[in-house]
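Novice: Let me give you the structure first, and then I'll get to my questions.
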Amino acid sequence: MKVSVLITLAVWGVMFLLTSAQERGSDQMDSPAWLKSMERIFQSEERECRWMFGGCTTDSDCCEHLGCRWEKPSWCAWDGTFRK
């Protein structure tokens with residue numbers, strides 16, 4: 001009997017924590033300030049270069065020693081150089 005009461009109380013506690021965390025998270029996700037800050041983070045960070053066979057539009061999209069090949073679809077390929 002004591003074990004079943006303890007298990008029931010533990011389950012209620014876990015359910016309370018999960019539901020309160022979900023409610024708190026949904027309030028934060030709907031706020032426009034949160035969305036604006038995330039937008040600023042993604043705009044301000046420097047973009048990585050594209051690796052071999054990655055999609056590209058210009059040579060500057062590709063990593064060093066790679067160039068954008070214009071066949072459809074465009075992709076980054078080795079430009080034939082060995083320099084560092």
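The backbone N, Cα and C atoms fix where each Cβ goes, and this holds for glycine too.
Reproduced below are the annotations present in Swiss-Prot:
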DISULFID  Cys49-Cys63  disulfide bond
DISULFID  Cys56-Cys68  disulfide bond
DISULFID  Cys62-Cys76  disulfide bond
SIGNAL    1-21  signal peptide
Novice: Provide, as an integer number of angstrom, the distance between the C-alpha atoms of Cys62 (disulfide bond) and Cys49 (disulfide bond).
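Specialist: Pair distance, Cα basis, whole Å: 5 Å.
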Novice: For Cys63 (disulfide bond), what is the tally of other C-beta atoms lying within 10 angstroms of its C-beta?
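Specialist: Around the Cβ of Cys63 (disulfide bond), 12 other Cβ atoms lie within 10 Å.
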Novice: Counting Cβ atoms within 10 Å across all protein chains shown, which of the disulfide-bonded residues Cys49, Cys62 comes out on top?
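Specialist: Of the disulfide-bonded residues Cys49, Cys62, the most buried by Cβ count within 10 Å is Cys62.
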Novice: Could you give the Cα-Cα distance between Cys63 (disulfide bond) and Cys76 (disulfide bond), in whole Å?
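Specialist: Between the alpha carbons of Cys63 (disulfide bond) and Cys76 (disulfide bond) there are 8 Å.
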Novice: Quick check: in three-state DSSP terms, what is Cys56 (disulfide bond)?
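Specialist: In the DSSP reduction, Cys56 (disulfide bond) maps to coil.
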Novice: Quick check for the class: what is the C-alpha distance, in angstrom and rounded, between Cys56 (disulfide bond) and Cys49 (disulfide bond)?
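Specialist: Roughly 10 Å, rounded to the nearest whole number.
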Novice: Would you mind reading off the Cα separation of Cys49 (disulfide bond) from Cys68 (disulfide bond), to the nearest angstrom?
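Specialist: The separation of the Cα atoms works out to 12 Å.
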Novice: How big is the Cα-to-Cα gap, in Å, between Cys68 (disulfide bond) and Cys76 (disulfide bond)?
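Specialist: Answer for this pair: 5 Å between alpha carbons.
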